[in-house]
């Protein structure tokens, strides 16, 4: 846990600086009052599948190709490329205007949530030569911030897709590409972040936006971590050079939980928050765990978070204990759980169970419902040991394990959020 806070003089007339010592003695710094990550809890949802398409969240957009006997695009890049600019713009305008509306923000607030994370791709603000992407997302983002303000919901703006892709995931916009650090791609991402910082990082949105995430899920195992660290630093300083003390959110790049304890902690860095994403469904070993083992791992996440020097929270997690959701692993890639994951034979050697009816609540018996409730409650307790949590995702078209609305409706997600049927799992 973090201990006492004391005030020191600031060279900036706009804010005070508070060095906060960790258990290990390292200090990190706070300025301004966008959000008190030290004492207040974020309880939020991601607005996934809105400005960055994901086939598993809105499969109908992609099934339209399948229904016409065409190849199914694997990501937004290929979706827009297949349709062409005009038709892609028409379909995506319809999607942007209907997937998330004011009623969603009202329902989010009504569920006791206080926060949304809004993923958006670089292409919403700047296009590369020959990019097939279409634009128009920005006006919907601006409207979303107005709705958030109306319902007292705070927001992170999350750069979810970078030029060339930072991870090769379909949710970066471009699957199976790892070109983020090649050519001008990194600079384009920095230019986009500069635009986001200039527009959304200051006082105009200071009562709504409480963080700008520099980059979602950069895949540290395939990227040059030295260059990635340079990117984070440049993005941080570009925001600070606007005069803003807005919180800077840094995803952990899938490094170990303590990897940032000695980074971004000098007086040159303040209001830095580390974003961890926690799932247990993307390897056969994780999928084979019992519910007790899932709970144990979740509680370990929480315990580790208390030992970190920086404020940190879980910016993505779900109820999933299978990878059965259609296209969760990508278009055409099947599931490890039922041994249909043909993409990687090394991860497709063991049959764990059937995916039949896995997302249909009518097939869930009481024991299964209880197990999912236990796992959700354990994660909530774990993540609230520090700054909070952001569930992935607010809603989907068809899946259950990843859908906050459906899980809440069926009583599997606690309501109120602090109610517990299985208290003390992480004590």
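Backbone N, Cα and C define each Cβ position, glycine as well.
Note: residue 217 (active site, proton donor) has non-local neighbours 166, 167, 169, 171, 172, 251, 253, 254, 277, i.e. same-chain residues 6+ apart with C-beta under 8 A of its own C-beta. Annotation source Swiss-Prot lists active site, proton donor at 217.
In the three-state DSSP scheme, residue 316 (active site, nucleophile) falls into the strand class. With a cut-off of 8 Å between CB atoms and residues at least 6 apart in sequence, the same chain places 46, 277, 278, 279, 390, 392 near residue 316 (active site, nucleophile), listed in sequence order. The annotation active site, nucleophile is assigned in Swiss-Prot to 316 on the grounds of similarity to another entry.
Taking the Cβ of residue 299 (disulfide bond) as reference, residues of its chain lying under 8 Å away and at least six apart in sequence are, in sequence order, 378, 381, 382, 425, 426. Under DSSP, residue 299 (disulfide bond) is assigned to a helix (H, G or I) in the three-state scheme. The disulfide bond annotation in Swiss-Prot covers 299-426 (among others).
Close to residue 355 (disulfide bond) in the fold, though at least 6 residues off in sequence, lie 322, 324, 335, 337, 338, 340, each with a CB less than 8 Å from its CB. If you look up Swiss-Prot, you'll see 324-355 (among others) marked as disulfide bond.
Here Swiss-Prot flags 1-17 as signal peptide, drawing on sequence analysis.
Look at the Cβ of each of the disulfide-bonded residues 324, 426 and count the other Cβ atoms within 10 Å; the largest number goes with 324.
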